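Colleague: Dropping a structure here in structure tokens format, bear with me for questions.
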Amino acid sequence: MRIRRLKIRNFRAHEKSEVEFNDGINLLIGQNGAGKSSILEAIFAALYMGHPSFPRGYLQANTRVNAKGGIGLTLEFEHDEKSYKIHRDTKKSELIEDGALIAEKSSDIARWVERNIYPIQVFTNALYIRQGEIEGIITNREIMEKVLRKVLGIDDYENAEKNATDVIRELKRKKDYLKKLIERKAEVEESLREAEKRFSETLRRISELRERERKLQGEFDEAEKEYSRLRSLKEELDKLEKEKAIIEQRIKAEKERIKDYETQIEEAKKEITELEEKAERLKDLEPVEKEYVKLKSLLSLKDELSKLSLSEAKLAEKKRSLEEKVAKVEEVQKNIEELEREEKSLRRDYEELKRKNGLYQRALQLTAEAERYRNELEKAGTTPEKLEKELEEVESAKERLEDLREEMARTREEIASLTGQKENLLENLSKLEGAKVCPLCKRPIEEHEEGEIKAEYDAEISSIEKKLEKLSKKLEKLRQEELKLREVIKGESRLIRLKKTADLLQEVEEKLSKYDIEELERAAEEFENTKARLIEIKRELRHLREELEELEKAKEELERVEKRLEEIGKEKAEIEKKLQAEGFGSFEEVEGRIKELEPAYREYLSLRNVPSQLERAKKRLASLEGKRRESVERLEGLRTELNVVKGKIKKLSEEFSLEAYNEAEKRYMESAKELEKAKAELKGAEELRDEVMKLLDELKVKKREIEKAEKEIEAVEKAIADMITFKEKVARLKAEEELRGLEEVQKIAGETFSEMTEGKYQGVKLKREKKYGKERIDLKVLYAGNEVGLEFLSGGERIALGLAFRLALSLYKVRNLELLILDEPTPFLDEERRKKLVEIISSQLRKIPQVIIVSHDEELKDAADYVIRVENVGGKSRVEVESLGAY
Ligand SMILES: Nc1ncnc2c1ncn2[C@@H]1O[C@H](COP(=O)(O)OP(=O)(O)OP(=O)(O)O)[C@@H](O)[C@H]1O
Ligand SMILES: [Mg+2]
């Protein structure tokens with residue numbers, strides 16, 4: 001097997017990696033924890049996931065932490081010149097061989113790999129050496145045994161040996177069988193002779209039985225012919241008898257029918273005579289019917305007449321009530337005229353009253369207005385007179401304020417000037433202190449003068465100060481007065497507004513003085529009364545006019561009623577006239593006559609249907625006569641037919657006799673029974689013959705078989721001998737092969753180990769040993785001419801030996817495993833041994849077609865053909881090709 005490509009998704013630290021592998025030495029290099037071993041694990045998982053010895057829950061345990069999606073592994077490889085691809089993820093698994101799908105179930109794929117590539121034990125022990133497990137193969141004997149057997153092909157030899165044993169057992173069984181067969185030869189021959197004898201006896205019996213059957217058949221045919229002739233005659237006779245009976249039956253029925261028709265014809269004739277008599281009577285009654293009908297229609301006028309009288313009475317009543325209404329018309333008209341007159345006279349004064357009422361309303365408005373103004377002034381606590389005075393006060397305050405302001409200005413000026421004077425004086429006074437010259441007149445001042453001048457100054461200053469005091473008091477007084485005046489002037493706008501109201505009040509009062517209120521009040525009252533009366537009149541008039549209209553209508557109706565009454569009178573007279581024309585004085589007379597006619601009329605009614613009944617009776621008679629004629633004809637025909645049948649019966653009776661028929665039937669039956677018996681016997685004999693014939697065949701076959709077995713048994717005996725020889729040879733070969741294999745492995749492992757230990761150890765010894773009745777393989781190391789056990793070795797040396805042993809297995813030429821995978825082979829090796837390992841890899845491992853080594857040891861790059869770097873970047877593995885190697 002050679003691995004070509006591996007794709008990994010979400011597996012351990014790998015999110016998405018792809019690694020290509022080449023032939024030769026592939027080195028996966030990188031720091032601790034980079035994800036190198038994971039790549040090897042992925043190869044292993046792709047091949048064996050689903051194998052019974054594969055750990056459960058493997059997928060979950062190895063899914064990358066925080067992965068989006070599940071694990072996906074795709075491994076491409078070659079084996080025995082075919083290319084393969086295994087794909088596995090959480091949803092599907094498939095194994096493809098040269099492009100064709102050959103397995104889909106995870107466990108099927110693992111089983112296929114186990115059978116067709118390498119058993120999982122071989123893969124994990126000889127071919128894929130996990131990190132830290134290098135020495136496992138040499139320390140665990142059981143595994144060593146298993147791997148060696150596989151690698152050396154011992155199992156194949158053992159299989160061949162076992163197969164040979166099976167074949168020998170089978171051949172022996174066959175030989176036994178053949179022997180037993182041959183022993184039965186005499187017995188079979190005896191049976192054969194006996195069967196042949198029985199066969200010829202049976203044949204003779206059959207020919208006798210056939211002769212008898214032929215004879216009986218002849219007799220039977222004859223009896224059958226006679227019997228069938230008589231039977232057909234009998235059948236013919238029976239048929240004719242039946243026909244005869246039917247015809248006789250029909251003749252009887254026909255006769256009865258004719259009799260029936262005749263009775264019916266008699267009855268019909270009688271009925272016709274009766275009906276003809278009745279028809280005569282009907283003719284006599286016809287004038288009665290005519291008169292009766294006419295009188296009935298005359299009598300119907302009686303009802304009409306009474307209806308007319310009734311409506312005449314009703315109309316007369318109506319006429320009276322209408323006449324009453326018409327009489328009222330004049331009275332209503334008079335009322336209307338009176339009201340109209342009153343209306344006219346009221347209308348004359350109405351306009352004047354309306355005008356005065358308008359004035360009265362206006363006066364009421366003005367009174368209310370004056371009241372409002374008065375209230376307003378009262379609320380302000382003033383009167384027009386008071387207002388006048390207050391406004392005058394404001395005016396004079398305004399004038400006074402003007403004067404006041406002037407005076408204040410003057411006073412302020414005065415104060416300012418005095419203040420100036422005072423300051424001057426003070427300045428001069430200060431200049432005077434210590435000065436020898438008068439500050440004003442610039443003349444020299446005597447010492448005594450200084451006091452005088454000072455006193456003068458002081459007097460002047462104090463007089464100014466007094467004036468100033470007076471002036472400021474005055475100014476204060478003026479300011480007080482100004483405040484008061486301002487207060488007065490501030491109320492001016494309110495006063496002006498109230499003055500306007502007072503003016504309006506005056507105006508309104510003047511207007512009001514022009515009205516005569518009492519007179520206007522009276523006129524307004526009259527106006528209201530007149531208006532109410534006018535409305536009433538209008539309503540009354542409307543009612544009266546409506547009434548009048550109603551009454552006018554009554555007048556028209558009265559005319560119509562009168563006209564109708566007149567018509568009714570005419571109609572009544574006409575009816576009377578008709579009665580008289582028929583010769584009757586009254587309707588009672590008509591009723592009397594009708595009563596007289598009643599019985600005859602009723603008889604007429606009862607006979608009215610007679611003519612049609614007569615018609616029908618005649619028709620029926622004719623049809624009955626026709627039917628009777630037909631029946632008579634049919635009867636004639638039937639009689640002729642009967643004669644013909646009778647003639648035929650007579651003729652056949654002469655040919656047929658019942659005794660002869662019964663005799664023939666008996667003979668026929670007996671002969672048939674005998675024939676059947678003979679046939680059954682013949683059949684039995686024939687069956688027996690067939691049986692004997694079959695037995696004969698079987699015995700002949702058996703005899704031939706025995707003759708064949710006599711020849712075959714020699715060949716089987718020879719094959720057994722050959723097979724035994726073959727088995728012995730295989731056992732020998734197995735031993736030889738094992739010996740050779742062990743020697744070869746021992747040689748390669750020994751050389752490699754010796755080289756790695758630089759001759760400290762001279763080689764290894766692999767021996768098959770028997771211990772406690774069990775065979776096993778024993779591994780020893782040569783040290784200074786001695787064979788020593790593995791416990792003799794140091795840890796590093798044990799690893800070196802493990803490596804050497806694996807190498808030897810991989811290089812064993814007969815069962816080349818093609819692939820070797822080593823995960824960290826160097827951890828416990830010192831520098832010297834690592835160097836040696838590089839050398840060994842370069843010289844020895846290159847003999848294996850494909851080697852994959854995982855290491856963080858950069859030195860190994862010197863031995864590699866192809867270097868792949870694995871790094872861990874931020875918790876994710878990254879794989880890239882680093883170089884084609886130094887080699
Ligand atoms: N399920 C997982 N999800 C994410 N990271 C994982 C998971 N399982 C293991 N790892 C990480 O993968 C790394 C182990 O990978 P691996 O054993 O392949 O490393 P290595 O390159 O062989 O290292 P060493 O040289 O130490 O043997 C660890 O650093 C670990 O943190
Ligand atoms: Mg590792």
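All positions are counted from 1 along the displayed chain.
Cβ coordinates come from backbone N, Cα and C, glycine included.
According to TrEMBL, the ATP binding site annotation covers Arg12, 32-38, Gln131, 792-797. Marked as coiled coil by TrEMBL: 154-578, 614-736. If you look up TrEMBL, you'll see 391-490 marked as domain 'Zinc-hook'. The annotation Zn(2+) binding site is assigned in TrEMBL to Cys438, Cys441.
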Colleague: Restricting to the chain of Gly35 (ATP binding site) and a gap of 6 or more, list residues whose Cβ falls under 8 Å of its Cβ, or answer none.
Modeller: Arg12, Ala13, His14, Ser17, Val870, Asn872, Ser877, Val879
Colleague: Counting other Cβ atoms within 10 Å, pick out the least crowded of the binding-site residues Gly33, Gly795.
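Modeller: Ranked by other Cβ atoms within 10 Å, the binding-site residues Gly33, Gly795 bottom out at Gly795.
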Colleague: For ligand 1, pick out the binding-site residues Gly33, Leu793, Gly795, Glu797 that have a CB under 6 angstroms away from one of its atoms.
Modeller: Gly33
Colleague: Quick one: of the binding-site residues Gly33, Ser37, Gln131, Glu797, flag those whose CB is under 6 Å from ligand 2, and say none if nothing qualifies.
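Modeller: The ones that qualify, in sequence order, are Ser37, Gln131.
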Colleague: In the domain 'Zinc-hook' (391-490), how many residues does DSSP put in helix, strand and coil?
Modeller: 86 helix, 2 strand, 12 coil
Colleague: Just counting, how many other CB atoms are there within 10 A of the CB of Ser37 (ATP binding site)?
Modeller: 17
Colleague: Determine, from DSSP, whether Gly795 (ATP binding site) sits in helix, strand or coil.
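Modeller: It is helical.
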Colleague: Same chain only, sequence gap of 6 or more: which residues have a CB within under 8 Å of the CB of Glu797 (ATP binding site)?
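Modeller: Thr757, Tyr761 - these are the non-local Cβ neighbours of Glu797 (ATP binding site), listed in sequence order.
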Colleague: If you count Cβ atoms within 10 Å of the Cβ of Arg12 (ATP binding site), leaving out that atom itself, what do you get?
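Modeller: Taking all protein chains shown, Arg12 (ATP binding site) has 19 Cβ neighbours within 10 Å.
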Colleague: Per-residue pLDDT averaged over the domain 'Zinc-hook' (391-490) comes to what?
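Modeller: Averaging the confidence scores along the domain 'Zinc-hook' (391-490) gives 86.
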Colleague: According to DSSP, which kind of secondary structure is Gly33 (ATP binding site) found in, if we only use helix, strand and coil?
Modeller: coil
Colleague: I'd like to know which of the binding-site residues Gln131, Leu793 has the most other Cβ atoms within 10 Å of its Cβ.
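Modeller: Max Cβ neighbours within 10 Å, all protein chains included: Leu793.
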